[in-house]
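Some features that Swiss-Prot has for this protein:
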SIGNAL    1-19  signal peptide
DOMAIN    29-257  domain 'Peptidase S1'
DISULFID  C56-C72  disulfide bond
CARBOHYD  N89  N-linked glycosylation site
CARBOHYD  N104  N-linked glycosylation site
CARBOHYD  N109  N-linked glycosylation site
DISULFID  C180-C192  disulfide bond
DISULFID  C202-C233  disulfide bond
Amino acid sequence: MKVTATIAAASMAIAAASADADTTSRQLILGGSIIPSGQKTYSVGIRSTAGGDTYCGGALISPTHVLTTTMCTKHAKPDFVAVGTHYVNGTKDGEQLKVIQAQNHTDFNKTGNGEYDFALLTLEKPSKFAPVKLPKADDSDIKPGMWSKAMGWGWTSFPNGSPSNEMQGVNLQVWSNEDCSQVYVINPTNVCAGGVAGKDACVADTGGPLIKENGAGDKDDVLIGLVNWGYGCGDEGAPTVYSRVSSALKWVNPIIKTKQVKTAVPVQQAISGKHGVPIKQGMPGTVRN
């Protein structure tokens, strides 16, 4: 039997639950720990206003570009990004930069399988923070079983949780696509990580970075994935599916090198005026049973 996750309905239900959450019981990214202020400053919070709540994540990949997933442009208008900030909202640290254009990957979901789930945000002015390194095109930065780190301001309990006030990170092992395809229907532009009980990306971590740490500090980190979709949060044997960043390089590199906005799939918001809290999933995913 196949179980399909219907994303739009789920995200709206979770948004409603979030509004009623007890603010005294706020949780953090599932099974993770606080990332010290001033570290991983390429990890970006996407916001509707400069000081408002972060509703999605992303990664600074050039001084004027943030890479995220299409869910983060669909359910809210990404008017601002917070770069170098430790907190889920406010303006007391980092910088808040205006987004002047959002564009989806030109081949996003062309076959209906959710492939190339990427969105690129162009900033009004350059960030003062250093971008994260992009992976090698030959995919040699990803090896099954290696450790990676996911980051964001999302929940640690599911389905009842609320955003973290401080950025969190959690260490996760990468799966081979062959193994992950025994759990989910995925495509070559995906990479899976996690699947250990109690440790995962979760609601409101959507679009956030999955990185490979090479041991020489943040300047040596490599962006290998972006939080996309999954089945629940932190369930044993159920990893999160990430957008595989190496698959986007042919599209991304010409844009960030020429500093031009390339014609792309139009971005349309599903919710006008106010945003909900996106569920982790970026595309309907099918679970194999």
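Sequential numbering from 1, following the chain as shown.
Cβ atoms here come from the backbone N, Cα and C positions, even for glycine.
In terms of C-alpha distance, the listed recorded positions N109, C192, C202, C233 place C202 closest to N89 (N-linked glycosylation site). Across the structure, C56 (disulfide bond) and N109 (N-linked glycosylation site) place their CA atoms 20 angstrom apart.
There are 27 other CB atoms within 10 A of the CB of C192 (disulfide bond), with all protein chains counted. Neighbours of N89 (N-linked glycosylation site), defined as other CB atoms within 10 A of its CB across all chains, total 18.
A separation of roughly 10 Å, to the nearest angstrom, links the Cα atoms of N104 (N-linked glycosylation site) and C72 (disulfide bond). Of the glycosylation sites N104, N109, N104 has the largest number of other Cβ atoms within 10 Å of its own Cβ.
Considering only the recorded positions C72, N109, C233, C180 (disulfide bond) has C233 as its nearest partner by CA-CA distance.
When the recorded positions C72, N109, C192 are ranked by how far their Cα is from the Cα of C233 (disulfide bond), C192 comes first. Note on the domain 'Peptidase S1' (29-257): mean pLDDT across this stretch is 95.
Remark: of the disulfide-bonded residues C56, C72, C180, C202, the most isolated position is C180 (fewest other Cβ atoms within 10 Å of its Cβ). When other Cβ atoms within 10 Å of the Cβ of C233 (disulfide bond) are tallied across all protein chains shown, the result is 27.
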